[in-house]
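Database features (Swiss-Prot):
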| type | residues | note |
| --- | --- | --- |
| TOPO_DOM | 22-1006 | topological domain 'Extracellular' |
| CARBOHYD | Asn106 | N-linked glycosylation site |
| DOMAIN | 166-273 | domain 'SEA' |
| CARBOHYD | Asn188 | N-linked glycosylation site |
| CARBOHYD | Asn256 | N-linked glycosylation site |
| CARBOHYD | Asn272 | N-linked glycosylation site |
| CARBOHYD | Asn301 | N-linked glycosylation site |
| CARBOHYD | Asn328 | N-linked glycosylation site |
| CARBOHYD | Asn398 | N-linked glycosylation site |
| CARBOHYD | Asn472 | N-linked glycosylation site |
| CARBOHYD | Asn487 | N-linked glycosylation site |
| CARBOHYD | Asn540 | N-linked glycosylation site |
| CARBOHYD | Asn666 | N-linked glycosylation site |
| CARBOHYD | Asn963 | N-linked glycosylation site |
| TRANSMEM | 1007-1027 | transmembrane segment |
| TOPO_DOM | 1028-1053 | topological domain 'Cytoplasmic' |
| TRANSMEM | 1054-1074 | transmembrane segment |
| TOPO_DOM | 1075-1090 | topological domain 'Extracellular' |
| TRANSMEM | 1091-1111 | transmembrane segment |
| TOPO_DOM | 1112-1128 | topological domain 'Cytoplasmic' |
| TRANSMEM | 1129-1149 | transmembrane segment |
| TOPO_DOM | 1150-1173 | topological domain 'Extracellular' |
| TRANSMEM | 1174-1194 | transmembrane segment |
| TOPO_DOM | 1195-1220 | topological domain 'Cytoplasmic' |
| TRANSMEM | 1221-1241 | transmembrane segment |
| TRANSMEM | 1245-1265 | transmembrane segment |
| TOPO_DOM | 1266-1346 | topological domain 'Cytoplasmic' |
| MOD_RES | Thr1300 | phosphothreonine |
| MOD_RES | Ser1307 | phosphoserine |
| COMPBIAS | 1329-1346 | compositional bias 'Low complexity' |
Amino acid sequence: MKSPRRTTLCLMFIVIYSSKAALNWNYESTIHPLSLHEHEPAGEEALRQKRAVATKSPTAEEYTVNIEISFENASFLDPIKAYLNSLSFPIHGNNTDQITDILSINVTTVCRPAGNEIWCSCETGYGWPRERCLHNLICQERDVFLPGHHCSCLKELPPNGPFCLLQEDVTLNMRVRLNVGFQEDLMNTSSALYRSYKTDLETAFRKGYGILPGFKGVTVTGFKSGSVVVTYEVKTTPPSLELIHKANEQVVQSLNQTYKMDYNSFQAVTINESNFFVTPEIIFEGDTVSLVCEKEVLSSNVSWRYEEQQLEIQNSSRFSIYTALFNNMTSVSKLTIHNITPGDAGEYVCKLILDIFEYECKKKIDVMPIQILANEEMKVMCDNNPVSLNCCSQGNVNWSKVEWKQEGKINIPGTPETDIDSSCSRYTLKADGTQCPSGSSGTTVIYTCEFISAYGARGSANIKVTFISVANLTITPDPISVSEGQNFSIKCISDVSNYDEVYWNTSAGIKIYQRFYTTRRYLDGAESVLTVKTSTREWNGTYHCIFRYKNSYSIATKDVIVHPLPLKLNIMVDPLEATVSCSGSHHIKCCIEEDGDYKVTFHTGSSSLPAAKEVNKKQVCYKHNFNASSVSWCSKTVDVCCHFTNAANNSVWSPSMKLNLVPGENITCQDPVIGVGEPGKVIQKLCRFSNVPSSPESPIGGTITYKCVGSQWEEKRNDCISAPINSLLQMAKALIKSPSQDEMLPTYLKDLSISIDKAEHEISSSPGSLGAIINILDLLSTVPTQVNSEMMTHVLSTVNVILGKPVLNTWKVLQQQWTNQSSQLLHSVERFSQALQSGDSPPLSFSQTNVQMSSMVIKSSHPETYQQRFVFPYFDLWGNVVIDKSYLENLQSDSSIVTMAFPTLQAILAQDIQENNFAESLVMTTTVSHNTTMPFRISMTFKNNSPSGGETKCVFWNFRLANNTGGWDSSGCYVEEGDGDNVTCICDHLTSFSILMSPDSPDPSSLLGILLDIISYVGVGFSILSLAACLVVEAVVWKSVTKNRTSYMRHTCIVNIAASLLVANTWFIVVAAIQDNRYILCKTACVAATFFIHFFYLSVFFWMLTLGLMLFYRLVFILHETSRSTQKAIAFCLGYGCPLAISVITLGATQPREVYTRKNVCWLNWEDTKALLAFAIPALIIVVVNITITIVVITKILRPSIGDKPCKQEKSSLFQISKSIGVLTPLLGLTWGFGLTTVFPGTNLVFHIIFAILNVFQGLFILLFGCLWDLKVQEALLNKFSLSRWSSQHSKSTSLGSSTPVFSMSSPISRRFNNLFGKTGTYNVSTPEATSSSLENSSSASSLLN
């Protein structure tokens, strides 16, 4: 056995030998280490060149030499390691050629026997390469191995030699303290002091830390105060604690002692140099997450910190920390977070402390939310068809299983199918009638799919499934057998309230038009009722009531039998009216278009007359020769009707035939077709039974009017309808009663357009044919819910013909009898345009001589501005329409905007307007397919070919005016600008627009219009300020001027007059400003403004009446006394109660019909309801009463009193008359009497100006004459503002002679008041009480007039 000393000497010998040999070796040669053992590592490069520095001096190179030493006795290992650690480096060597230094000697690998195996373990800072750390080779008892990482112990010698490798480089962030004073130059990297410190310290650091295995370098990074704290970085492999202490000692020894380095202040921090593992890699909400921190150091001082909240983590119900030491060389700490939430996301720090070392490792984790996608609601039919509920998760989650649960009143299980790879699960339901018992239809069951991950995360979604039973339909049980013209209904009841669609079909599969049936949904079922008000033969057949839910159909069937019976309107009688000689007879007949099995009789009164049947091709007539002699007396009118009875014993009466029995000598006109008549007699006959040529195959329609003139019948009016148009009219009447009218409509519109185009000449000379076409369009416009481009083209082609210039004269004749035909036509065209749906085809554009149309379809939420221009060169007219895109954004997608322009329609619509009101311009109508409640604004520009005279108005055609016959209305429209030839209108709604001239209204831009505006605004403004000042003055002097009952009531009236007029004027000026500035005021706000203006102006008048009655009472009933509270109650009831009652009644009587306000201004309506009378009549009555009171007062003042000289009396009387008029006129509202002059048309504009001036300045008059002219008010104001001396002198002077108060008992005027109504002289009162009473009464009169 060799001694340790000998072994150590041998090792030193080998080291020195190797060093000397290395000096003579070629750099490119491979050098194998010497060994005391025969083993040499094969294929391993034993000598590695580490560094070569090229300089001008001899090159210094560094080598790493691996030496293997084998011992027969393992006890030699520790002494050798101790010896090597005791060496001081570098060890200098000498050679004749070069100097060789040994910088460090480190033990890397130690192999020892362990049973039958050899375990080779790595020293600190070294480890086996990853590729050698196989699971079956590592030392399980001593090593904790994580796949993909270094291991520290192997069971056998590696094939390439037993050498552990240096581990990856780490950067040690270190600091040490120098116990010297800190200088500011150390903060400046360019200062000499900084460079000196840095150089000296780095030199010492390199000498000291050079002994560390894998040392690469050291850098001083800065200095901090606190003595001097040096921060620096050391780049090396992970060192052992023993080595780092040894290196620190060498640093202190190498550094100049003047730096006073404190050995105990060394600290080292490594960041993210530890192994940090997070499981799972992708974290989802609810997972159990493990964070493992591993470092090959022996320390159990490990802590965890949550950086987001600077929170030190401790063991709890959600967090658990486990720390352990493995292999006596590795510290492992594990943080487990249970049921992680998004609030736990952030950066986590694992901190391990060992001596001077702090090892920090940081990891930021994100918590992903779990999103389970599923249909929120589903409806499932209980028809045994499979329905799948699907749930899928978003994100790459490692799901382990999916569970389905259900909760509800009924239990309907399904079959789950889960595809973990696609993160989806399907639950298939197959519900049948047994699982959905009666009454359970509509029951809701909640199905929950819950996804569970391998790490504990759970995500779920609820699917609300409503189970629908197959509908059981119950249809009207009674047989339906009706006759033509009668109504019938079929009721179809479902015991299920859930359905997607309900419709009715004929047996041929034709859908019944939806206008014929209504469907209602109830809690426990549904009901659909097919109602036919006028049955025809087309309704004869079988009908199916169909409830559809998804692909399930429930059908109920009902047969309908319709027996032939002519409709009353289709029975043609002749004559409509006739004259019959009392001794003669007359042929009467009733005709129908289709034959049938009918029993027909004629009836007059209680008598029944037989009928003879006559068939003439398609026309079937029943005739009777009426004998006038059968009537008991002559000069009588007899009504005769036909009575049709069919096989079902249902009957119908024809229109009545009126026979006028007259003596034969009165008859002068005779005609075999028209009949007989007396002079001046006017009768109507159906055109087909008149002298107008007609054929049974193509009968004409309409009526013709004859008048007996002399001995001849003259044609007075011809309203006959040509045969082709009459045929179209009859077809239209039948179409709207047909069950398949929507399918027949396109073909009919095409035939109508072709026929009207061919019959243009006949229409231009036949008012009856023109009226028939209008009736046809009106009937058909109620049919469609959707109109395509082709149908709209046919409609406009028809309209183009009947609006042509050749037909305009026919319109005049037509509207002499039917005034609403033009409005009816316009309404029909608007209804067609509102139903226009272009679908996928381009928007329709139509242009003809008399009508043009443009349209646009809203396809997106950001449409373009709607701009259309229409030009009619033949009429020299044009117009533009603009709707800003901001208003179009409020419309539904696929909405259609349609604008049509008509150059001749205004002349037709305006025939009831005065000629000088007519402005020659287009009529443009704009409609939207879907109604909108959002604010709307349309701008239109018209060319006006009648620019002269009056104010231009923007108007629209209001179909509800004039008992729904229509009329021009300006509500919601105003003129934005106009230069005479062109007018731009702005409106807040859609319909048909045009412009009119208003000759009676001054042009707002004229001098007169501007003058009236200035007077109104300035006057009302002054009035408001004056009234406010009046109220302020009254408030200031109130206590001083209301010391007796009369003064109190006088000032109470004045205050309420001023307050009511102030509020009324404020409302007035606000509304006027809004309308003058063309702001759109909503109808509700306009109604409210009108109500308050009405109420407060009426209050002004009634308080004026109260003041007048108070004056009359105090002057007439001098000795009558009434308490203040009674007078006050009566005054307020009269002043506010009466106006409120009148205003509320007016509003309640007119607003339900929307005729409370005017069309273009917020004030009481006049044209439709005469609501203005609710203001005018009370106001005029009050003015008359106050005028009467004024006359009485002035008359009594003028009456002479005893003892006055005539000249003095005359002067005093004139003064009192002037003062009374000046006070009473503004106070009692006499100026409103001028309003009578403005009511009548054609009134001189001077009266308008006078009326405006007097009334708008009424507030100023009340302030001056009703308030400030009162002596008591003046005295109170003077006293209030401390002018006591002047007031005292004034009082003294006014107490003498002529300054005696004019209404004191001693004054002549007071005596005159006492002599009212024939009483003369004065009262001689002997008691103090009576004197006091007389004084109060006298002062009462004074306070009323002053």
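Including glycine, each Cβ sits where the backbone N, Cα and C put it.
Here the features listed in Swiss-Prot are placed on the structure.
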{"residue": "Asn188", "record": "N-linked glycosylation site", "contacts (Cβ under 8 Å, 6+ apart)": "Tyr194"}
{"residue": "Asn256", "record": "N-linked glycosylation site", "contacts (Cβ under 8 Å, 6+ apart)": "Asp200"}
{"residue": "Asn272", "record": "N-linked glycosylation site", "contacts (Cβ under 8 Å, 6+ apart)": "Glu360, Cys361, Lys362"}
{"residue": "Asn301", "record": "N-linked glycosylation site", "contacts (Cβ under 8 Å, 6+ apart)": "Leu352, Ile353, Leu354"}
{"residue": "Asn398", "record": "N-linked glycosylation site", "contacts (Cβ under 8 Å, 6+ apart)": "Pro280, Ser453, Ala454, Tyr455"}
{"residue": "Asn472", "record": "N-linked glycosylation site", "contacts (Cβ under 8 Å, 6+ apart)": "Ser494, Asp495, Val496, Ser554"}
{"residue": "Asn487", "record": "N-linked glycosylation site", "contacts (Cβ under 8 Å, 6+ apart)": "Thr531, Val532, Lys533, Thr534, Ser535"}
{"residue": "Asn540", "record": "N-linked glycosylation site", "contacts (Cβ under 8 Å, 6+ apart)": "Val560, Ile561, Val562"}
{"residue": "Asn666", "record": "N-linked glycosylation site", "contacts (Cβ under 8 Å, 6+ apart)": "Glu678"}
{"residue": "Asn963", "record": "N-linked glycosylation site", "contacts (Cβ under 8 Å, 6+ apart)": "none"}
Residues of the domain 'SEA' (166-273) by DSSP state, where helix covers H, G and I: 42 helix, 34 strand, 32 coil
Interface present between the transmembrane segment (1091-1111) and the transmembrane segment (1174-1194) (three or more C-beta pairs under 8 A): yes
Three-state composition of the topological domain 'Cytoplasmic' (1028-1053), taking helix and strand from DSSP: 23 helix, 0 strand, 3 coil
Cβ-Cβ neighbours of Asn106 (N-linked glycosylation site) (radius 10 Å): 19
DSSP-derived class (H/G/I helix, E/B strand, else coil) of Asn963 (N-linked glycosylation site): helix
Long-range Cβ neighbours of the topological domain 'Extracellular' (1150-1173) (under 8 Å; 6 or more residues past either end): 953, 958, 961, 969-971, 1071, 1075, 1081, 1083, 1086-1087, 1089-1090, 1093-1094
For Asn666 (N-linked glycosylation site): DSSP state (helix, strand, coil): helix
Secondary structure of Asn301 (N-linked glycosylation site) (DSSP, helix/strand/coil): coil
Tertiary contacts of the topological domain 'Cytoplasmic' (1028-1053) (same chain, 6+ residues out, Cβ under 8 Å): 1059, 1062, 1103-1104, 1106-1107, 1110, 1114, 1122-1124, 1127-1128, 1131, 1135, 1259, 1262-1263, 1266-1268, 1270, 1272-1273, 1275-1277, 1279-1280, 1336-1337, 1339-1341, 1343-1344
Per-state residue totals over the topological domain 'Cytoplasmic' (1112-1128) - DSSP helix, strand, coil: 10 helix, 0 strand, 7 coil
DSSP residue counts for the topological domain 'Extracellular' (1150-1173), split into helix, strand and coil: 5 helix, 2 strand, 17 coil
Averaged pLDDT, computed only over the residues in the topological domain 'Extracellular' (1075-1090): 72
